[in-house]
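Contents: one structure, followed by commentary.
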Amino acid sequence: MSRGFSPETRERLERDAKEIIGRYPKPRSALLPLLHLVQAEEGYVSDRGEEFCAEMLGLTKAEVVGVSTFYTMYKRKPVGEYHVGVCINTLCAVMGGDQIWDELSEHAGVGHDESTPDGKVSLERIECNAACDFAPVMMVNWEFFDNQNPASAKQLVDDLRAGKQVTPTRGPKRLCTFKEASRVLAGFPDDLAGDGPAAGAPSLEGLRIAKENGWTAPAKEDSE
Amino acid sequence: MTTLTPVLTRNWDQPDSFTLRGYGDYAAARKALGMDPDAVIQAVKDSGLRGRGGAGFPTGLKWGFIPQNDGKPHYLVVNADESEPGTCKDIPLMMANPHALVEGIVITSYAIRAAHAFIYVRGEVLHVVRRLRAAVREAYDAGLLGTDVLGSGFDLELTVHTGAGAYICGEETALLDSLEGYRGQPRLKPPFPAVAGLYACPTVINNVESVASVPSIVANGPSWFSSMGTEKSKGFGIFSLSGHVTRPGQFEAPLGITLRELLDMAGGVRAGHRLKFWTPGGSSTPIFTEEHLDVPLDFESVGAKGSLLGTRALQIFDETTCVVRSVLRWTEFYAHESCGKCTPCREGTYWLKHVLKRLEKGEGTEEDLTTITDIADNIVGRAFCALGDGAAAPIHSSIKHFRDEYLKHFEVGGCPFDRAASTVWENA
Ligand SMILES: Cc1cc2nc3c(=O)[nH]c(=O)nc-3n(C[C@H](O)[C@H](O)[C@H](O)COP(=O)(O)O)c2cc1C
Ligand code: SF4
Ligand code: FES
């Protein structure tokens with residue numbers, strides 16, 4: 001067995017794990033959030049993280065590994081404090097995502113799934129992140145950075161490495177670390193839901209035009 | 001002329017639209033909880049609402065398949081995995097208006113007699129996860145979830161569950177496996193989820209937008225809903241315009257609106273360029289061209305022209321865009337996301353990717369076009385789930401409409417297009 005967590009860490013993780021498991025009719029459903037939880041502890045899913053999940057759910061480690069390796073968000077090795085994704089699916093790629101990736105990767109000196117030597121930033125080629133009307137799209141620790149270009153992308157990574165505050169386009173004022181983000185995904189909210197806009201400008205385009213023209217849905221049925 | 005009909009998007013420009021105060025008082029849920037559950041199902045049947053997740057299955061009919069008085073727990077699972085390339089409506093909906101979804105969940109769960117509902121949301125959208133959890137917490141605090149919802153005697157737990165990066169988990173049975181803590185791989189059907197879904201219990205799986213549309217139907221009446229749209233495709237839907245458009249974005253309109261009408265509203269294809277090809281409903285729906293500008297965007301009309309309405313993800317590409325490059329990138333996506341369960345898709349997407357790479361570099365032959373057509377033919381109808389069919393869609397449709405462009409690649413020994421010309425900053 002690999003070295004486990006320290007007794008204090010383990011006690012804290014067990015408390016969190018039990019809370020997560022309690023949300024489901026069957027314990028095994030808690031596996032994905034538990035993997036997010038151990039990722040929040042170490043910045044990746046380690047051997048001992050997998051062992052911990054297995055113990056909490058009464059599974060074998062092989063069963064846990066079979067699951068964790070299936071999902072791309074679980075990282076096999078530590079990622080940067082800021083994990084930067086560039087969308088390279090067709091629409092973003094064509095709109096400039098490919099050029100952003102090429103220039104950014106060269107600028108930072110790291111490739112797909114690699115981290116800068118200072119451990120600050122890692123890069124990933126990501127698939128469509130459901131923000132195509134904001135193309136080209138980047139994500140940092142799974143927060144939206146919309147409408148990027150090569151210069152803004154390089155500036156973003158430079159700022160992250162220099163420890164400057166950067167603000168997502170649609171997200172909280174302060175960008176969380178990768179570990180903090182993973183904890184939110186595990187189901188432990190920070191109090192940042194109220195930050196940021198309700199919607200970005202493209203999301204409002206149709207509504208704006210409807211208002212301008214006085215268009216609405218029909219009035220409700222008379223009989224209702 | 002078709003005009004826009006903001007319902008789900010109506011409050012998005014309010015700064016507090018995502019809070020209970022900004023949303024409203026769940027009047028539709030109050031009304032539904034005073035109705036017989038079967039009457040709620042009937043209202044949704046009468047409205048003509050069809051699934052907004054891509055396949056267009058009638059929502060009320062699906063709810064009606066849930067066996068009643070079977071002594072088993074029932075579950076509602078909301079599919080919030082939105083990962084189909086080009087699709088970008090559920091994410092802004094949950095960011096700006098999560099209570100529409102939560103209210104829809106209360107009504108749907110009551111109708112199908114479920115006491116526990118889940119939102120399976122993709123993990124890569126942190127702020128959306130926050131907004132959902134905050135809305136759920138607010139709803140619990142206001143007595144809109146939990147035990148004895150609004151004093152009706154109806155109990156409902158709602159769990160927000162985050163995925164971890166796998167497109168296949170949007171397929172409804174793979175989603176169930178994933179929610180049960182396994183690798184997300186599709187299940188054999190039958191049994192259908194309505195009979196044996198989550199934990200082998202009767203389960204309804206619906207798309208975010210489908211469920212979020214339910215409160216408006218209950219509040220305004222089924223014939224209000226069915227007064228919008230076309231004969232067999234009723235109601236409104238969110239149409240997502242992206243790509244080479246002057247003002248991309250979300251447009252909520254009756255089904256049956258055309259791309260020409262939507263493009264007019266969005267300021268047209270970007271200045272100085274013209275439409276080359278587009279997807280009506282995401283990358284898994286066969287591509288259309290300029291000749292399809294006036295096809296009514298409803299299930300039947302798009303189907304009759306050889307494509308699918310899908311998720312109304314209108315990805316617009318102008319004449320600067322290389323079709324071969326685009327299809328290669330989508331194919332790489334399908335190869336990466338193929339879950340590996342069945343051979344036609346696992347092997348097929350792998351080989352498609354390799355042959356297309358060669359073609360894109362201009363190192364292919366005309367025979368390669370036959371090869372990729374054959375591989376794609378071999379996937380369609382033989383794959384275990386619809387991901388396989390989706391992977392074949394761009395191949396078949398691009399060869400049909402743009403065969404010459406493939407040929408051009410090996411005539412000139414490379415890609416004849418200038419990538420820089422397609423970028424956003426090229427026109428800036
Ligand atoms: C590969 C694949 C991915 C899918 N992804 C999604 C998705 O992200 N969201 C969704 O609602 N439906 C998705 N679907 C469709 C679902 O299987 C299912 O039809 C839908 O959730 C049913 O809800 P509806 O009837 O309300 O549309 C996907 C299907 C396939 C084959
Ligand atoms: S078609 Fe592809 S994604 Fe679907 S089961 Fe087969 S291998 Fe998996
Ligand atoms: S293609 Fe990049 S967000 Fe959809």
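Cβ atoms here come from the backbone N, Cα and C positions, even for glycine.
Per TrEMBL, [2Fe-2S] cluster binding site is recorded for A:CYS87, A:CYS92, A:CYS128, A:CYS132. DSSP assigns A:CYS92 ([2Fe-2S] cluster binding site) to a helix. Cβ-based neighbour count (10 Å, all protein chains) for A:CYS92 ([2Fe-2S] cluster binding site) stands at 30.
For A:189-204, the entry in TrEMBL reads compositional bias 'Low complexity'.
The feature region 'Disordered' is assigned by TrEMBL to A:189-224. Cβ atoms under 8 Å from those of the region 'Disordered' (A:189-224) belong to residues 133-134, 144, 146, 168-174, 176, 180, 183 of the same chain, restricted to positions at least 6 beyond its ends.
When the C-beta distance to chain B is held to under 8 angstroms, the binding-site residues A:CYS87, A:CYS92, A:CYS128 reduce to A:CYS128, listed in sequence order. Sequence-distant neighbours of A:CYS128 ([2Fe-2S] cluster binding site) (same chain, 6+ apart, CB under 8 A from its CB) are A:CYS87, A:ASN89, A:LEU91, A:CYS92. Sequence-distant contacts (6 or more apart, same chain, Cβ under 8 Å) of A:CYS132 ([2Fe-2S] cluster binding site) comprise A:LEU91, A:CYS92. Of all Cβ atoms in the protein chains displayed, 28 besides its own lie within 10 Å of the Cβ of A:CYS87 ([2Fe-2S] cluster binding site).
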